[in-house]
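See structure below.
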Amino acid sequence: MLLGKFLLVASFILPIAYTWTGATIRNHPADVVAARNKITSRSVARSEPTNSYIRPCYFTNWAQYRQGRAKFVPEDYTPGLCTHILFAFGWMNADYTVRAYDPADLPNDWAGEGMYRRVNKLKVTDTQLKTLLSFGGWSFGTALFQGMAASSASRKVFIDSAITFVRTWGFDGIDIDWEYPSGATDMANYVALVKELKAACESEAGSTGKDRLLVTAAVAAGPATIDAGYDIPNLAPNFDFILLMSYDFFGAWASLVGFNSPLYATTELPAEWNGWNVDSSARYWNQKGMPKEKIIVGMPTYGRGWTLNNASAINPGTSGSPAKITQYVQEAGVGAYFEFCEMLANGATRYWDSQSQVPYLVQGNQWWSYDDEESFANKMAYVKREGYGGAFVWTLDFDDFNAGCSNSNGQLYPLISVIAKELGGVIIPKKGGVTTAPTTVATTVTTGRPPMTSAVTTTTAATTTTTRAATTTTASNTNVCSGKSDGFYPNSNNCGLFVLCLSSKSYSMSCPSGLQYSASLKYCTTSTASGCSVTTTRAPTTTTKSAPTVTTTTRAPTTTTPAFKCTKDGFFGVPSDCLKFIRCVNGISYNFECPNGLSFHADTMMCDRPDPSKCAK
């Protein structure tokens, strides 16, 4: 996984008690801008049910920030598509307690009920669906995992906190995405962590009467990384299943052109790479002690590409540099499936490697390795033939989830629908299908498999906090968002209020005390600069129950500081003023102030109690 970039829906989100270093993408960054075509609820039909296979799908919370057709939200999910949804990602504090990665994951004024609840509400229409919160990811790094796993005391802090957190928000399990444990110490500590996590989940289930939380992990596919980090015989009994990241075997970080996720080896590449494929990785995990039924094979809905050094040398094994930035993903060498189908519709040539059983496409000097319906079908046949536990996807949002490709024939999720059909007997409808939920979906386990059910009752919030209630369309702004794109709009009756439009729904919001919303600037500013002449009044506040968290109310961004140049995404302190900080997104800087007398701590990248030693230097 590489650190990704993303666009903020609300550029004034403040990282109070959240270390928000930019959106994380498993194994590849993605920032997509396009025209959106939103699909809501749909029904599924069933073909031959094959109930023994697990079909998890990773949901990325930052896909909500994309624009147009590429914007993905939980409501774009189709019932029956997956057996499990893994929410990427949960995060960890320096004291090893867990927290939300993004304020939008939790209920707040501008995001409504929050992504956690929106994802878990999918279980209302997909009654067999299970959800897990995945902790970690590539950009999370290894240091916090290593520190947390180093002692029984610190492991207990994480485990107890994680169990409470996922129960509070209605998840059915915990997924560990440590990329990657390495060395004898990490190997031993990783085993201890997983054993103690499993035991704690069993104890919690016994004391509460709830179904046990699932315990899973995303794991490496490269032989050397497997050997360096995983004591597989001692891990195997404690996992319900593992998610084998059988992709990113080749990418533009190296000049050698190869396949992102080949099923088998190819003689086109040097023999030293013969172990770098799906089959070899899955077999290796099994040979080292992981039961086949617990191995869930990874399926990418994205691809990797190169700019060929010689446009006439198109066979795998040639050389190149990263492919050009694509229209949506905006990261050299990485593309989404819905981009590849457009390339093919616009003249790219598709080739098929009969040995690796995957396609690649060439368009001029651009060479892309990707997966399509044919390679997905071949891999599903392989999973069934070899007896593995199922297949998972990274990610939901890189498939053509809304049938936006010009040659899609209206098929929603053309790649993931292959998994649903071949492993679950579920037929995903075409765009515009009947909007009723399936009465039955594929179950997640068969007799002899570890228990996979974990119906959770969301825990009532433990604390009371005073917040401004997010409301749908108000009387003074009836249908204000009808036909409008997502974004911020002025309140026609009150300069101190403004409206956030999301998916044609409106949310009333208010500026910090004394400020007014500027329709031209699109943020809150002084009354003299706002250009608004409507009488200003403050929005009422109500006391509501919420899950234990910290205040996320922020001050609006001021104008960009000319002297600061954004060289990477993230949060940065302002050396001349401890109360201020800068958020960089795609090379653009946004200025913020910490609220309520707090100061910005450069080490934690949070607003906290004033401490001059923590200010940016």
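Every residue gets a Cβ built from N, Cα and C, even glycine.
Swiss-Prot lists Asp109, Trp110, Gly136, Gly137, Trp138, Ser139, Met245, Ser246, Tyr247, Asp248, Trp394 as binding chitin, and of Tyr77, Tyr180, Tyr351, Tyr360 the one it places in that same site is Tyr180.
Looking at Cys82, Cys201, the record from Swiss-Prot puts Cys57 in a disulfide bond with Cys82. Largest Cα to Cα distance within the recorded chitin binders Asp109, Trp110, Gly136, Gly137, Trp138, Ser139, Tyr180, Met245, Ser246, Tyr247, Asp248, Trp394: about 40 Å as a whole number. Taking each Cβ in turn and tallying the other Cβ atoms within 10 Å, the top scorer among the recorded positions Ser246, Asn310 is Ser246. Closest in space to Asp248 (chitin binding site), of the recorded positions given as Cys57, Cys82, Glu179, Asn310, is Glu179, taking the CA atom of each residue. Checked against Glu179 (active site, proton donor) by C-alpha proximity, the recorded positions Asp109, Trp138, Ser246, Asn310 yield Trp138 as the nearest. Each residue contributes its Cα atom, and for Gly136 (chitin binding site) and Asn310 (N-linked glycosylation site) these two points are 39 Å apart. Each of the recorded positions Asp109, Glu179, Asp248 was scored by the number of other CB atoms within 10 Å of its CB, and the largest score is that of Asp248.
Counting only residues at least six positions away in the same chain, the Cβ atoms of Thr142, Ala220, Thr225, Ala228, Gly229 sit under 8 Å from the Cβ of Tyr180 (chitin binding site). The Cα atom of Ser246 (chitin binding site) lies nearest to that of Cys57, taking the recorded positions Cys57, Cys82, Asn310 as the candidates.
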